[in-house]
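Peer 1: Mind looking over this structure? Questions follow.
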Amino acid sequence: MALGIIDQPLTILHTNFAVYIGIVYAYVPFMVLPIYTALIRIDYSLVEAALDLGARPLKTFFTVIVPLTKGGIIAGSMLVFIPAVGEFVIPELLGGPDSIMIGRVLWQEFFNNRDWPVASAVAIVMLLLLIMPIMWFHKHQQKSEGEHG
């Protein structure tokens, strides 16, 4: 406001943007750790070989580093996706009454509306939504273990 760019303070609290920032802030470590673990296991001579053979750094990143860290990326995605789908606290604190997320809807149906059949249906849908990527990851893991060992 002192610079004259805006006339009034920006309101971030009780918006979807605040919920997104809160979820990213809370779950970034769960994504970074598996990727970091996968990155430190890479044999750097493969990256050097790609660069020596004339690949540009961006092409080396996408053709060497990303395929070698695919397991860490998938594991990190699973570690973030599963708890973020059912997140209740962050949308409740940062989003206000207008933010709609599955965990919050589930809470409202159980405790505020006392509509247990709808809440049970939402819980089953959430369970199915979470089981599908877990099954896909398990199948992918078995396939990659069969190729390597």
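If you go along the chain as it appears here, the first residue is 1 and each next one adds 1.
Even glycines carry a Cβ here, placed using N, Cα and C.
Please treat TrEMBL annotations as automatic predictions, because they have not gone through curation.
Feature annotation from TrEMBL assigns domain 'ABC transmembrane type-1' to 1-137. Residues annotated as transmembrane segment in TrEMBL: 17-40, 61-85, 116-137.
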Peer 1: In terms of Cβ proximity under 8 Å, which residues at least six beyond the ends of the transmembrane segment (61-85) contact it?
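Peer 2: Apart from its flanks, the transmembrane segment (61-85) reaches 23, 27, 30-39, 41-42, 46-47, 50, 55, 102-103, 126, 129-130, 133-134, 137, 140, 144.
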Peer 1: Could you break down the residues of the domain 'ABC transmembrane type-1' (1-137) into DSSP helix, strand and coil, giving a count for each?
Peer 2: 105 helix, 0 strand, 32 coil
